[in-house]
């Protein structure tokens, strides 16, 4: 119901609905009222209170023989009587969320009540689907005994195509709110988590989160941002009254609502009685206030503008060693001015350190993997600021990007830059370099084969030469994200759980802070690394995969990072990487989570394998909580492969002179969409 097609620099348009606790409302007049007060939709019960007779009508009474016969017919045929329906036809389907009866009792001691409740659940959701209603609202289990409810619902979820099920969940239980002690939302989260696991993580099941007058602390709230929240329910009695008599939310509630807006849920104003309304403007004032909060959200940051539309969107990592990138891809990354500012700063300080003032010495700079030339331009700018003489070589293997380099040499750089078309691992330079500059880092640091490429280029460097970047470290953290798990699971195979994805996290939360697993420095002769990291899980959560980040030292104290705790401000060239796991794992608080990672290679390919292992210490014994499963064994699903042939094909351009001398390579890659090998020339 939320309109996601908002302008890039504007907050999304939000959808605000109305939910009035009326037992037998008139659908037409209630909808007209909601429209009159400016709401985008209304929550209405699917059936009227007369429908209750089918749930409890078989209790033993002297005069219920006729009623029992009616109920038996109902149980056999599952047919509605028109007078039992509130939503009777398709006239309002685009404006209505249907509410399943909240008096269904799946855990009643009466067997007939349990059976009838299950039939009624099926019947009501089936009617909503028949009409084409986009969502139905169900009640949250009121007790810890949720097995039969989950079983009944799960049997329905598999048949849904268009309709979603919103489970109305109180952020904090009423019993906790009634006490003076501090409270938390972990009780409801634990119950919800058990419920959705029993429903097999079905993507049609989502949350309508009901907000209390008092919010838990931020750590408790954070876990909900990784859950499939489709609606936020705001009761009118949690609103405060400002000096003019209008409803407003507390500062903490405002912050929570504003943060939730970026996840694009629907908002629902819930009103139990007119006596709960504030003085001014009645029902309209609540939806107007929520829209006001949306309008006053701060402007999107540069990263948010760039990532708009890419949040939680899974992408295959780039493979620039195997694939020739398109001009549009280069253009996107060249827009990241922050990254190039840091590179220029690193080059500037390296030049100052290398050559004394007033010296006539010329510093040889080699930019390997030059692309369309942004690092070449920054090198020239750094040399000018440092007042140092430089001679620059720009090396590129992409024949299309090489044309762009020729254009830059002709139109901008002139003779100060020498162009070379070659794979950096096989080029024979005319002289050694003082500075070797590259931007081969991937989201995981080394996943674009920077170590292999730069090791091949180390022969270019003088013994005291400097590589920029100097080093890069890889970090991982356990992550919870129902959205990302469902995106991978939607492929309905295990193949897609064996490959990593580049993704801008939004509906995700780290279960604990990231830790380093390995580091590469140059020169480095060993590219096979493995490590295992142990995380202490303080707050219970659901593990859906592993997040990967990097930190890189460009030169001395000049560094860039995409790790959340040290992310370079406004830099957007890299999104994190996501390694999914096949089966979500519940992690109780005080769990030990051990993540094993391997970076493996042969003479032909490089790949990752990963595995998670959980345990719980009772103080005496350590209990294993999961059976580890290793992903992407032997790189059979996703690998970066390289096969070299022995003939040459390369040239260098300097002042119009061309020397040919370049090896030709065949690349091949096994991709998750096919189990056969694709060859690329």
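From the backbone N, Cα and C atoms, a Cβ is placed for every residue, glycine too.
Within 10 Å of the C-beta of residue 439 (active site, proton donor/acceptor) we count 23 further C-beta atoms, all protein chains included. TrEMBL lists 439 (among others) with the feature active site, proton donor/acceptor.
For residue 448 (active site, proton donor/acceptor), the same-chain residues that are 6 or more apart in sequence and have a Cβ closer than 8 Å to its Cβ are 317, 318, 319, 320, 321, 440, 441, 442. Look at TrEMBL and you will find 448 (among others) tagged as active site, proton donor/acceptor.
Along the domain 'PRMT5 TIM barrel' (39-295), the predicted structure has mean pLDDT 87. Sequence annotations record features per position, and here TrEMBL assigns domain 'PRMT5 TIM barrel' to 39-295.
Feature annotation from TrEMBL assigns domain 'PRMT5 arginine-N-methyltransferase' to 303-468.
Positions annotated as domain 'PRMT5 oligomerisation' by TrEMBL: 471-636.
Summarising the annotation, TrEMBL assigns region 'Disordered' to 1-30.
Here TrEMBL flags 333 as site 'Critical for specifying symmetric addition of methyl groups'.
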Distance [Cα-Cα, Å, rounded] between residue 439 (active site, proton donor/acceptor) and residue 333 (site 'Critical for specifying symmetric addition of methyl groups'): 11
All-chain count of other Cβ atoms within 10 Å of residue 333 (site 'Critical for specifying symmetric addition of methyl groups'): 18
